[in-house]
């Protein structure tokens, strides 16, 4: 019997405020609602899904380190850390787990400081501007990538 594939979904700072914070940019769904949809999608594909949201950079880095050898794919919305965190980039490169970067809003249509990502050039893909559905698309792509490896 083969072990189930495992996908880790990481969400960065302030995403715990989804549903309340700037709904014109981020939509009205809460993070809990988004994660529930992802869990259902993963279960249907016989995939284990883990989730962590943190406002602390070091907690996200620790989760990435702990994923080594245990997680097959990462979906990450680094939020504001996108534009500032070389440490997150280094952690992802260090564990060499494939990842997709997700953003609810179109970061390229917003303030200039949001246009640069420290992760995008190393990601398997980047999804932005599609709201909460972007997570579903990222999970579908991750599942397809894992199935192709089997």
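Cβ coordinates come from backbone N, Cα and C, glycine included.
With a cut-off of 8 Å between CB atoms and residues at least 6 apart in sequence, the same chain places 18, 104, 105, 131 near residue 26 (active site, proton acceptor), listed in sequence order. In the three-state DSSP reading, residue 26 (active site, proton acceptor) counts as helix. Look at Swiss-Prot and you will find 26 tagged as active site, proton acceptor.
If you look up Swiss-Prot, you'll see 103 marked as active site, proton donor. Here residue 103 (active site, proton donor) comes close to 77, 82, 126, 127, 128, 129, 134: these same-chain residues lie at least six apart in sequence, with C-beta atoms under 8 angstroms from its C-beta.
In the three-state DSSP classification, residue 77 (substrate binding site) falls within a strand. Its Cβ taken as reference, residue 77 (substrate binding site) is surrounded by 24 other Cβ atoms within 10 Å in the chains shown. Marked as substrate binding site by Swiss-Prot: 77, 83, 90, 104, 105, 114.
Annotation comment: Swiss-Prot describes 21 as site 'Transition state stabilizer', evidence class sequence analysis. Annotation note: residue 21 (site 'Transition state stabilizer') sits in a coil segment as assigned by DSSP. Long-range Cβ proximity for residue 21 (site 'Transition state stabilizer'), meaning a same-chain Cβ under 8 A and a gap of 6 or more residues, is found for 14.
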